[in-house]
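Features as listed in Swiss-Prot:
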type	residues	note
SIGNAL	1-19	signal peptide
DISULFID	CYS111-CYS122	disulfide bond
DOMAIN	199-563	domain 'Peptidase S53'
CARBOHYD	ASN210	N-linked glycosylation site
CARBOHYD	ASN222	N-linked glycosylation site
ACT_SITE	GLU272	active site, charge relay system
ACT_SITE	ASP276	active site, charge relay system
CARBOHYD	ASN286	N-linked glycosylation site
CARBOHYD	ASN313	N-linked glycosylation site
DISULFID	CYS365-CYS526	disulfide bond
CARBOHYD	ASN443	N-linked glycosylation site
ACT_SITE	SER475	active site, charge relay system
BINDING	ASP517, VAL518, GLY539, GLY541, ASP543	Ca(2+) binding site
DISULFID	CYS522-CYS537	disulfide bond
Amino acid sequence: MRLRTCLLGLLALCVASKCSYSPEPDQQRTLPPGWVSLGRVDSEEELSLTFALRQQNVERLSKLVQAVSDPGSPHYGKYLTLEDVAELVRPSPLTFRTVQKWLSAAGARNCHSVTTQDFLTCWLSVRQAELLLSGAEFHRYVGGPTEIHVIRSLRPYQLPKALAPHVDFVGGLHRFPPTSSLRQRPEPQVSGTVGLHLGVTPSVIRQRYNLTAQDVGSGTTNNSQACAQFLEQYFHASDLAEFMRLFGGNFAHQASVARVVGQQGRGRAGIEASLDVEYLMSAGANISTWVYSSPGRHESQEPFLQWLLLLSNESALPHVHTVSYGDDEDSLSSAYIQRVNTEFMKAAARGLTLLFASGDSGAGCWSVSRRHQFRPSFPASSPYVTTVGGTSFQNPFRVTTEIVDYISGGGFSNVFPQPSYQEEAVVQFLSSSPHLPPSSYFNASGRAYPDVAALSDGYWVVSNSVPIPWVSGTSASTPVFGGILSLINEHRLLSGLPPLGFLNPRLYQQRGAGLFDVTRGCHESCLNEEVQGQGFCSGPGWDPVTGWGTPNFPALLKALIKP
């Protein structure tokens, strides 16, 4: 014990001197709106911290993703197994040994890794963690839509410089739970209902996107789909059953989730969770559905990071995953964003389709040195996910053509360069759009998003046994598009073809084939004199508001069923 204390003391002296480094110097450490500090945490309280170990062969992984995702490649659709990915990226023995010894000397307990061995999660007391991570100071905070409690440090932390080649970042310190892409709008007023609908339901979705009663899962394949839940959001099985009773009468469907991965709470259902499950399972009807429930088993855990760890630890996963959460790019450290992006590369190499909501703040807005700029969202801005924007009906009470939903997130990343698969489409947009914002507001050479869109306005949801109208946001459009891709995977599997995997290279090569082009409307942005609240506007072809457009199922199936 005396030796361990001595080692910790030496480490603390080292960290306080020049032999330390900060893994995340650019991580935002301000308290997010809606959160309040409850004070310091007791020094003997236990924390669960996740150490992201430096991976190997990331460049090679990137090339493999390109090979298995490009229809023009001879390796298209020849996905890697989890074991293949682990063999490629697992940290060097030196990295694993160095970090383990460092943690053991600090008194870390119950450490466990994942199949790919690139994350290590350990338990430490607050006192041990603050000695280990010099500068960290843990407080308990309460906030979020469900008033959850988390333990975080708003102060920068440092590690011994000897660990710089071995540790990307430490999870469980700074990042608060991600925000949801969900709004509830007041119900529009309408007189008379003949020939009208009073909100988006599965039958409206199926009518608009040309899904027939026969467009459901066959029940004979190993096809599956999943959505992820955070922020202590839970769905209730009884709500799903009631939703299908009310709205699922004209198509075959499953009225229960096949598997819940993680903890499913017993509290009140969340509208977000209910929406995701109900519309993933009604768009991707009669297809086995998993729910990843990652509230964070402990106050110090990061739910989104826990979900990524689950993906790195299971060999057999659903083919399509939809996630309706995100953060502002500028609120996250470069180390964290780049590492999470690599996790998405790992998923793409395995043939998983990851869909993320584009957000509900239009182009976003923030002020840098008193100058306004648009504010992109992550993971929506990752070049290895398919990002889904939002639309509204031109006539809100009729199944008509779609226009931009003004809240639909979209824009250009300030972190990721523009991937080659979308360069031609972006150049075409920038050279032809008559309503471009000033160039100082966005990074025209960054990854542009969204890639596609779907209806995001005026949904009916059943939550806590109550039908709730006019729920809106790209949290709605994302599971709808995901369910439709699951139906296409069903046809591919029945034809002996691999699942779609990472969709973007094929999507951009086909230049919107199988999608309804949305050409009217603009989304919101900065409320200043220069742009007056207007961000980007949609137009013919791809645009950074609705991507290539919304699904026309028969045409999209025809475009994507080809080998």
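Any Cβ shown, glycine's included, is placed from N, Cα and C.
Cβ crowding, taken as the number of other Cβ atoms within 10 Å, peaks at SER475 among the recorded positions ASN313, SER475.
If you take the C-beta of CYS526 (disulfide bond) and look for same-chain residues 6 or more apart in sequence within under 8 angstroms, you find ALA363, CYS365, HIS372, PHE374, TYR441, GLY533. For ASP543 (Ca(2+) binding site), the spatially nearest entry among the recorded positions ASN222, ASN313, ASN443, SER475 is ASN443, judged by CA separation.
Looking at ASN222 (N-linked glycosylation site) and ASP276 (active site, charge relay system), their Cα atoms lie 21 Å from each other.
CYS537 (disulfide bond) sits 27 Å from ASP276 (active site, charge relay system), taking the Cα positions as reference. Of all the glycosylation sites listed (ASN210, ASN222, ASN286, ASN443), ASN222 has the fewest other CB atoms within 10 A of its CB. The recorded positions close to ASP276 (active site, charge relay system), defined as a CA atom within 10 A of its CA, are SER475 out of ASN313, SER475, ASP517.
You'll find the Cα of ASN286 (N-linked glycosylation site) roughly 21 Å from the Cα of SER475 (active site, charge relay system). The separation of ASN443 (N-linked glycosylation site) from ASN210 (N-linked glycosylation site), Cα to Cα, is 37 Å. Per-site Cβ counts within 10 Å over the disulfide-bonded residues CYS122, CYS365 peak at CYS122. The closest partner of CYS111 (disulfide bond) among the recorded positions, by CA position, is ASN313; the full candidate set was GLU272, ASN313, SER475, VAL518, CYS522. Between the CA atoms of ASN443 (N-linked glycosylation site) and GLY541 (Ca(2+) binding site) there is a gap of 20 Å, rounded to the nearest whole number.
The record gives ASP517, VAL518, GLY539, GLY541, ASP543 for Ca(2+). Within 8 Å of the mean position of their Cβ atoms, the other Cβ atoms in that chain belong to GLY512, THR519, SER538, PRO540, TRP542, THR546, TRP548, GLY549. DSSP assigns SER475 (active site, charge relay system) to a helix in the three-state reduction. Reduced to three states, the DSSP call for CYS522 (disulfide bond) is strand.
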